[in-house]
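Notes to accompany the following structure.
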Amino acid sequence: MISFDVKLDRNGFSLDVAGEFSDGITAIFGPSGAGKSSLLSCLAGSIRPTSGYVDLDEHTLYSSEQKIWVPTEKRRIGTVYQDGALFPHLNVRRNIEFGWKLLDPADRRLVPLDIAEFLGLGHLLDRKPNELSGGERQRVAIARALATSPQLLLLDEPLASLDAARRGSILNYLKRVHAEFGIPMVYVSHSISEVVSIASKAMLLRDGKVEGFDRPSALLLRAAAAGGDIDSFENILDGVIGESTDQLTTVKIGEVEISTRHQNKNPGETVVVSLGANQIILAADRPTNISARNIFGGRVSEVWSKQGKVFAEVDAGEKFIVELTENALNELGISVGSDVFLVFKSSSVEVFDA
Amino acid sequence: MNSDISIVGLSLQIALVATGVTLPLGMLIAWLLVRKQFRGKFALDVIVSLPLALPPVVVGYALLWVVGTNGWIGQLSESLFGTTLAFTWIAAALAAAIVSLPLVVRSFSAALAGVDPRLETAARGLGAGPVRTFFTITLPLAYRGVIAGVLLGFVRALSEFGATIVVAGNIPGRTQTVPSAIFTRISAGDTDAAWRLALVSVVLGVAALAIHNWLLKRSANGIESSKGSKR
């Protein structure tokens with residue numbers, strides 16, 4: 001658990017943020033310039049705050065009052081940067097082992113090669129960073145941070161320099177890393193879609209101040225007001241390939257089986273599915289004689305509306321976020337608890353390798 | 001002929017010692033100028049660069065004043081060794097170091113500025129202290145510029161004349177370097193002997209530049225070949 005209250009005045013920018021993050025995955029999000037990366041640097045110890053404190057698992061890392069400052073190299077915090085920040089002169093193996101070698105042998109809880117295997121890097125160990133794809137680079141960066149057995153993993157926009165297909169994959173790896181190693185994570189992003197997909201709690205920052213700290217989906221509209229990019233909100237979900245016909249492939253997402261365009265994949269393969277919130281139609285009654293291949297019954301679990309913009313969260317065995325207009329909401333009489341049907345085309349679903 | 005060899009030997013000795021001074025000192029100053037914000041940064045930059053803008057004779061005169069009987073270094077060495085450094089080969093090495101320092105600092109600064117500071121932040125975050133980060137990340141990545149700077153400084157030290165002759169004189173067998181010997185021989189009208197040493201200067205300069213290029217090429221090849229074999 002990390003708890004902090006940091007104030008930072010730097011080059012005309014001021015940050016004043018307090019919070020307490022539990023052992024799950026917590027997101028910090030908000031528009032660029034909100035202070036996300038500065039806050040992360042204060043936690044990691046690469047920037048010294050003007051005043052305040054940072055506590056990690058009963059250890060005080062920084063306290064202006066007690067005059068405590070643990071330098072960044074003594075903190076057991078791993079950081080993954082936007083473009084990986086891999087050491088270009090070292091191969092993958094030596095990048096991953098860099099921090100591990102500096103650990104006291106008693107603290108070496110994880111074996112670098114096991115981590116490399118877990119992240120699918122086993123065949124890349126002798127490569128240099130400039131011979132890797134963007135997704136591979138990020139996985140090396142994650143492995144490098146993990147190898148130091150950190151008490152906390154900070155992720156600074158780890159998907160920002162990747163294309164859509166790689167994003168889902170890295171997101172999926174991060175979830176598996178969290179499940180496997182149980183290391184608390186702080187995930188910084190300006191994308192609410194990523195945040196909703198990965199985090200259990202999210203802190204919304206704006207102009208260096210906390211705007212909200214809540215379930216990520218509940219922050220959707222506030223994120224919009226804060227200038228976050230939510231026009232293109234994507235439901236990012238983990239799935240498994242099912243049966244295929246000539247034209248369609250089924251993907252199982254938890255209890256739900258959705259139809260997608262034909263995928264050249266084998267049954268049982270894990271994938272990441274992306275479905276735009278504005279691609280889903282809500283119906284009050286089960287539509288018949290309709291070309292859309294996906295129709296699921298569900299119950300509205302939450303509705304957020306602001307200035308004509310409405311997002312509804314529908315639980316259809318798996319939670320989907322749907323964007324609709326205030327007009328439609330009122331006409332259909334949808335509110336929390338309403339039974340509705342989700343309708344979307346198989347071609348609206350994008351399927352990526354996990 | 002014999003005296004030629006000892007003149008070249010002394011020149012190399014002076015240039016090597018000067019390089020031994022400018023390498024760590026230049027690295028420290030370049031690192032301060034590139035990575036740190038502090039009061040007096042501009043002043044440090046100006047002081048280090050000044051020998052570049054002054055006639056070397058002026059630098060030598062200023063140095064003579066510092067190491068001579070009235071200067072603080074002079075008084076220190078007089079109380080320790082009973083003599084000042086003026087008109088010794090050490091004074092010549094000091095003069096060569098001061099005159100080549102701006103070139104070394106400039107090369108090192110460019111090399112350090114080319115290293116992404118986030119890589120250093122990443123290394124610190126992975127548990128490396130500032131010194132280890134410098135030697136395992138910064139220096140290997142700034143490698144080419146550092147070599148270029150060292151060789152540039154060495155060549156400059158080797159060809160130093162103006163400051164050296166003021167502070168160390170032109171004493172055969174003690175402080176006479178290749179340039180000052182050439183000067184003596186030209187003044188004496190001994191053109192053959194002057195040309196001989198001039199040729200030696202050319203050979204030394206070409207050799208240093210060749211080593212410079214060879215090292216740079218080798219490091220470039222290292223990156224190329226590892227790329228080619230894996231793709």
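Cβ atoms here come from the backbone N, Cα and C positions, even for glycine.
According to TrEMBL, the domain 'ABC transmembrane type-1' annotation covers B:8-215.
The transmembrane segment annotation in TrEMBL covers B:12-34 (among others).
If you look up TrEMBL, you'll see B:46-67 (among others) marked as transmembrane segment. The list of residues near the transmembrane segment (B:46-67) in space but at least 6 beyond its ends in sequence, with Cβ under 8 angstroms from a Cβ of it, reads 29, 73-74, 77, 84-86, 91, 94-95, 98-99, 101-103, 105-106, 160-167.
According to TrEMBL, the transmembrane segment annotation covers B:87-113 (among others).
The feature transmembrane segment is assigned by TrEMBL to B:134-155 (among others).
Residues or ranges marked as transmembrane segment by TrEMBL: B:193-216 (among others). For the transmembrane segment (B:193-216), the list of distant contacts is 4, 7-8, 12, 144, 147-148, 151-152, 154-155, 158-159, 178-179, 181-182, 185-186: same-chain residues at least six beyond its ends, Cβ to Cβ under 8 Å.
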Using a Cβ cut-off under 8 Å, which residues of the same chain at least 6 positions beyond either end of the transmembrane segment (B:134-155) come close to it?
15-16, 18-19, 22-23, 26-27, 31, 100-101, 103-108, 110-112, 114-115, 119-120, 123, 128, 204-205, 208-209, 211-212, 215-216, 219
